[in-house]
Amino acid sequence: MKPTVWHHLRLCPHGHPDETIDDAAIAVDETGAIVWLGACAALPHGYAHWRREDLHGAWVTPGLVDCHTHLVYGGTRADEFAQRLAGVSYEEIARQGGGIVSTVRATRAADETALFVQAAARLQPLLAEGVTAIEIKSGYGLDLASERKMLRVARQLGERFPVSVYTTFLGAHALPPEYAGRADAYIDEICERMLPTLADEGLIDAVDVFCERIGFSLAQTERVFEAATRRGLPVKLHAEQLSDAGGTALAARYHALSADHLEFLDEAGIEAMKAAGTVAVLLPGAYYFIRETQLPPIDLLRRHGVPIALATDHNPGTSPLESLLLTMNLGCTLFRMTVPEVLQGVTRHAAAALGRADRHGALEVGRQADFAVWSVGSLAELAYWIGRPLCEQVVRGGTTVFRRMIG
């Protein structure tokens, strides 16, 4: 690429609407790295002959980060939607053989090509909203071959689309049918065979567990965390979504990158997260879709200074959501979060939830130039509009990878 100065823009370099630069410029060298940013009036003369791109006063933020998704899977669960509307609970559907296990059947039956095509269709709307980094979990295979297949597809998405993909092994998502009544034996399989094999194949960036009364116990979760730690892999946790199981305190003991959901999180768990530097990832799409009533303890998280991230939690059963902007709106309207909180929640704090705060979530000299250009009058509009296409352009490594066609 040619060295380029992007100029006449309004810059929000760290995802906070109160920390902005009017009439700003960003200089990006031939490697795609930011070499200078600041007010246009202060642009050094050495950049005078670089290629220019005039953004005509548009807002620029760091590329968005979706830090919790289950993007790769087979089929849908639209039939369960009708059951939920009739009053059947998430837990009851799972006990009937639906829920996660029904998606496991569809995912096992699909080949890599089919999974890639389906996941690519889910990824593209996120890219068109300014997402430049995304986490993708496994967890719908629940055997070595199928988990490998999911993680390989996730890696392929990162190779073939202009987005940084981080993979999370979620083998401990549910109990596969062949292990019915033998949860400890399945944890043996995860710890002794699946996790080591997939780690050796370079398919895992982090390890997650669904710690819940319909998932895995604290003791089983700790076994998976121990296996991950032996491999030098960071951990994260689905925690306190349906009950206060104490998973967050366990996650904090292992210095987890994040604990996610957290509707039933108590103050002791919050204190443990703060001490460990664990990010709280809230998932308002799932809260909305399954009509939860227990709000996450937002005020306590604020009071203790725990960083809060937001994510789509895209999955077929509880959050078939393909919009991080709508997630921001739900964070404001359902969780009573502020605009600065939700914007940092999909930039700086989301990057921290992936352990990648040094690479994503902010625009600084020396970093890769990943940013989104917005056709809005104020940054509050990113969380205000519902369904309006707001992203004009997405730049990754200094190259425009998406441009919205107008007219």
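For all residues, glycine too, the Cβ spot is worked out from N, Cα and C.
In the three-state DSSP scheme, H68 (Zn(2+) binding site) falls into the coil class. Counting every protein chain shown, the Cβ of H68 (Zn(2+) binding site) has 31 other Cβ atoms within 10 Å. For H68, H70, H238, D313, the entry in Swiss-Prot reads Zn(2+) binding site, with the evidence type sequence analysis.
Among the features that Swiss-Prot reports, Fe(3+) binding site is placed at H68, H70, H238, D313, with the record citing sequence analysis.
According to Swiss-Prot, the 4-imidazolone-5-propanoate binding site annotation covers R77, Y140, H173, Q241, T318. If you draw a 10 Å sphere around the CB of T318 (4-imidazolone-5-propanoate binding site), it holds 25 other CB atoms from the protein chains shown.
The DSSP secondary structure for N315 (N-formimidoyl-L-glutamate binding site) is strand. Packing around N315 (N-formimidoyl-L-glutamate binding site) is summarised by its Cβ count: 24 other Cβ atoms lie within 10 angstroms of its Cβ, all protein chains included. Annotation source Swiss-Prot lists N-formimidoyl-L-glutamate binding site at Y140, N315, G317, citing sequence analysis.
Recorded residues T318 (4-imidazolone-5-propanoate binding site) and H68 (Zn(2+) binding site) have their alpha carbons 13 Å apart, per Cα-Cα distance.
Neighbour counts were taken at the CB atom with a 10 A radius for the binding-site residues H70, R77; the maximum falls on H70. Between the C-alpha atoms of H173 (4-imidazolone-5-propanoate binding site) and H238 (Zn(2+) binding site), the distance comes to 9 Å.
Across the binding-site residues listed here (H173, H238), the residue whose Cβ sits among the most other Cβ atoms within 10 Å is H238.
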